[in-house]
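Colleague: One structure, pasted below without further comment.
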């Protein structure tokens, strides 16, 4: 839109004019080979295990393809060797545990499918040529219906892949065996090929630069502790440093800037980690003792429990982010009045989180009694400070005084009988803890009283009680922020208990 004030001109740009004016990324730039190579390089450098996994899959496929490329094994298995290649492609997973899990489902499903195929083919062949196709068709229908129903059963959901293998293998074996005339031979050859493919996939994944699900789970949980600690500190620091002078509009803040903040992204990654931790824990249960996890039946489920308790702490951090970006904000000088207590409690809580994450990373059972005492002490100081100066969060005496001095003609306080009724403690405490409202920036005044929208300069004498109520509402937002911080500290006790249980069951030093 261009033009003078009061007029609107809309320019409609065609694709040709947009391309000539450079108003958008060029397709040649986005699809250039150099940019594509750079993106691939950055993706591979972000996690070298991705390259390792890809090379291992290629190696496994090469090894099973020798069954076709070399004449001797091909003469034994024939075209059934394609099942070995298909088994490797389907069964090879990112981690060793996931591959073992897939392999178990694949082996059990193929074995059951082969047995069912042989039994039904013998029954069909003994019934005569007329009824044989009907029995085969009915068996395919029954196997498809039963396996599809069983894989939906809640307790059998982890074995959903096995039921798919039963259905696929049974249909292929019995359909091809019916035309080839020797179903038993066909089933045995295909089971041999599947066994060879599964064995190659397991050995390559286990012996060539193995990627352990247990190690991945361990590192993932430790990273979440650091993420929650960083997110908490960034949120509190921004809350105490935001004076509202350059704060954008509420709608723009929520829609555009809120989700792009690093603290929000870190905390959101922790909240969405439930499925990933569950998947890694389920895969780790299939892995043999390895690395630092040298005993059988390692308590992988406790990692998931610790992650669940940590997510409950992260919920409070997300609530703090909501207060940070809320429309109704406490005055900046009121936030500064409790700055030292809030920062102290935040620093101690973040230090405790990082200490727990470090102990889990090193597999050490550290005593966190002193850290917990410091966190509780700092939180108690914050609570006492809020209780001691609670009148700042509920009383509007200082606002009425400030507005009266600015908007109402001054009165002779010597003749005013009400002027002597001033709380003795409030007069001494109020001045150093918080300034009057009219000293705050004008943009912040508009923001903190945006519910409902009102300007200080538009107030009349009759509006002072209403303005006092609005000031109390904005001040209570600080009480909300501090109560969420105290609740976060309270949840740390449950987190410490969960980590202590993990350390005890896992045998941390």
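Cβ atoms are placed via backbone N, Cα and C, with glycine included.
Annotations per TrEMBL:
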type: TRANSMEM; residues: 53-74; note: transmembrane segment
type: TRANSMEM; residues: 80-100; note: transmembrane segment
type: TRANSMEM; residues: 107-128; note: transmembrane segment
type: TRANSMEM; residues: 134-154; note: transmembrane segment
type: TRANSMEM; residues: 161-179; note: transmembrane segment
type: TRANSMEM; residues: 191-213; note: transmembrane segment
type: REGION; residues: 404-454; note: region 'Disordered'
type: COMPBIAS; residues: 410-423; note: compositional bias 'Basic and acidic residues'
type: COMPBIAS; residues: 440-449; note: compositional bias 'Basic residues'
Colleague: Taking a Cβ cut-off under 8 Å, which residues six or more beyond the ends of the transmembrane segment (80-100) line up next to it in the same chain?
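Modeller: For the transmembrane segment (80-100), the far contacts come to 49, 53, 56-57, 60-61, 64-65, 67-68, 73-74, 106, 186, 189-190, 192-194, 196-198, 200-202, 204-206, 210-214, 216, 279-280, 282-287, 290.
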Colleague: Quick one: do the transmembrane segment (53-74) and the transmembrane segment (161-179) have at least 3 Cβ pairs under 8 Å, skipping pairs fewer than 6 apart in sequence?
Modeller: no
Colleague: What residues in the same chain, six or more past the boundaries of the transmembrane segment (161-179), come closer than 8 Å to it by Cβ-Cβ distance?
Modeller: 102, 104-106, 108-110, 112-114, 116-117, 120-121, 124, 132-133, 136, 139-140, 143-144, 147-148, 150-151, 186-187, 190, 194
